[in-house]
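See below for the structure under consideration.
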C-alpha cells in the first residue's frame, strides 16, 4: 500500500488544485458584484478590480429606495406559488405514471419528455397571446401558471426517476395499514421524497427567481414586476449608478442562497443518488 | 371449518403462470410455512392472500368472508416484510400505531395497543426511536409489532428473517414460535430456509413451479416425501440420490441395479404404489445421516467438514456417483453425529440400513420410503404413522447381496 501513497498525494493535490481554480472561476463574478456594490460611483470606473476604498452601504440604500422590496415580495409570491404547484402536480403525475402498468401512461411520459425538449423562447409569442387573451396579463396569478407549465415536465421526469426506485414495500405496508392511494402518497411517499423535492424546489426556484423574458413581457405594471425586471428598471434610472445595480443584484441572490442552505443536505443527497 | 381457504388460485403474469391452481386450507391458530426454491410462487401466493397482487382466478376466504377482490386493508390480514418496510420518517411508536391512526381510533386506544405489543416483543425502550437507530433484529420486532397492533385474523410473513445473521435468525425463530404460542394466531410464513420451515411449522407447504408438491407436518414431509423434489428439498445436507434400473420385482420388493454398487439393492415398496416393470429407471435416495461407518461399501474421503458436534464427509469411489445431490461432483454425503479425524484420500467403509432407503420412479413419484425406528434416524417419539398392513422390517433383511460378500451393508 505504501508505494501508492506519493502518487495518491499527487493526484489529490491536482484534484484540489483543479477544484480550487474552478471555484475561483465561478465565484469571481459574484465576488466582483459584492465588492462593486460597496464602491462609490466614481471608484467603480477608476479602480474596477480593486477592493472598495471605503465600505459603505449607500448603494444598498439607493437600490432599496427605488422599490426593490416590492420587487422582491413579488418574486417571492410568484416563485413560491409556482414551485408549490409544480411540486404538487409533478409529484402526483410522476407517481401515477411510475406505478401504472398502462402503455398509455408510458406514452404520456414520453409526451412530457418531449414537452421538456421544447425551447422556452420558441413558444413565447403564442404564450403571450394566450395569456393576454385570457386576461391574465399583468397578474401574478397568470405568470405563476405559465412558470408552472414550464417547470412541470422537468420536475415530472425528476420525480419519475425517484419514484421508480422508491421502496414498494413501504407503499404496500401502507396499503395493508389502511391507506387509500391518496393517503399512501401524502402520508408515506411524499414525506420520504425529501431529496427529490429539494432538488426540484431548488432547480425551479432558481429558474423562476431569475426568469427575465417572460416576466418582462407579461408584467409591465411597476407594482407587479419581479426582481429581474425590477432591477432592469433600476438600471434605467441609474445608468451611471452601477454600485446600486450591483447592490440590487446582491440582495436578489440572498433568498436563493438561503433556500439552498435550508435544502442543501437533501439536494446534495439527491444529486449523489443517496436519497433513495 | 378452516380459517383461511385458498381455492384453485391462479396468478398469471402475461404468459407466465406464477401460481397454478393452488388450493389450501389453513385451520385457525395454525402456523403454516410455505417453502420452495426461488421462483416457485410462494411469495406471489402470499401477496395474493394479502391483496397486493390481484389473482387471475380462484377464490380466497378468511372465515366467512370472501376476500378475493377485497382491498388489502379490508382483508383482516397483516404482513411482515423481508425488508421490514418500517416508515423511516416515523418513530417506532408511530410505526406500530399507524394502522390504528389511519383507522381513526382514539389516541388512548392506539397507545394501549402499541404499549401492549411492545411489551410482548420486549421493545418498550425503543418506542421513541426512529427505525434507523435500531438493529436488524429490533427492526424485525417492530415490523412484527406493527402487525400485532392491528390484531389481524391472519398474519403473513414474507421471509422475515432473511436479512438477519445466523445467530439472530436462530434467536428470532424461537421468538416467533413463542409469539405464535402466546397469540394463538393463524400465521402463514414464507421462507426458502428449510430449517425455519422444519422448526416452526405446524404444517409445511412445499411449492414447486407454482403448484403444491406436498402438504404435511415437518416430520411427515421429511420421512415420507411424496416426490423426489420434496425429498431433495428438505434435509441438509441434501439426500444422496443414485440413478438405477429395476432388475426384477418379487412381490413388493424391488431389486435395483445402481452403477458403482457392488451388487443389486433390494428395496421394499410402499403399499400404495404400483410395482414398476423390470428395466424401469428409478432413483434411489439415502439421507446423509443414514449412512454409517463400517459397512461393506469402500469409498475414499474427498472432503471433511468438522462442525464440532458432527462431521460431514464427502466420499468418492469407483463408479458410484450421486446425482442432483449436495455436491456437484457426485460425492456421497455422510453426516456423522460425532467428531472424526479423517484425512482426504483416506479409504473408509460405509453402509446403510436398507430400511432407510427411499425410491422414486422416473417421474419423481414416491415408490418407497423408510420404516420408522431405523438406526441413525431421528424420529418423533412414536409419531410416525405407518400405513397399515406393512410389516415392520428388520434392518438386515432387505439389504442383501445376490453374491456372497458383495453387499454394502
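Using N, Cα and C of the backbone, Cβ positions are placed for all residues, glycine too.
According to TrEMBL, the feature domain 'ABC transmembrane type-1' maps to A:72-263.
Sequence-remote contacts of a segment are chain residues at least 6 beyond its ends whose Cβ falls under 8 Å from one of its Cβ atoms, and for the transmembrane segment (A:13-38) they are 44, 48-49, 51-52, 55-57, 59-60, 242-243, 246-247, 249-250, 253. The transmembrane segment annotation in TrEMBL covers A:13-38 (among others).
Per TrEMBL, the feature transmembrane segment maps to A:71-95 (among others). When Cβ-Cβ distances below 8 Å are used as the criterion, the transmembrane segment (A:71-95) is approached by residues 112, 140, 143-145, 147-148, 151-152, 155-160, 162-163, 185, 189-190, 193, 197, 200-201, 204-205, 208-209, 219, 223-227, 229-231, 251-252, 255 of the same chain, each at least six residues removed from its ends.
The transmembrane segment feature in TrEMBL is assigned to A:107-131 (among others).
Away from its own ends, the transmembrane segment (A:143-164) comes close to residues 78, 81-83, 85-87, 89-91, 93-95, 97-99, 109, 112-113, 115-116, 120, 127, 131, 136, 189, 193, 195-196, 199-200, 203-204, 207-208, 211, 214-215, 218-219, 270, 275-276 of its chain (Cβ-Cβ under 8 Å, at least six residues beyond either end). Marked as transmembrane segment by TrEMBL: A:143-164 (among others).
TrEMBL lists A:184-209 (among others) with the feature transmembrane segment.
Taken from TrEMBL, the feature transmembrane segment applies to A:242-263 (among others).
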Non-local residues, at least 6 beyond the ends, that sit with Cβ under 8 Å of the transmembrane segment (A:184-209): 75, 78-79, 82-83, 86-87, 90-92, 95, 147, 150-151, 154-155, 158-159, 162-163, 166, 170-171, 174-175, 227, 252, 255-256, 259-260, 263, 265-267, 269-271, 274-276
Same-chain residues near the transmembrane segment (A:242-263), Cβ under 8 Å, at least 6 residues beyond its ends: 30, 33-34, 36-41, 44, 58-60, 62-64, 66, 68, 72, 75-76, 198, 201-202, 205-206, 209, 227-228, 230-231, 234-235
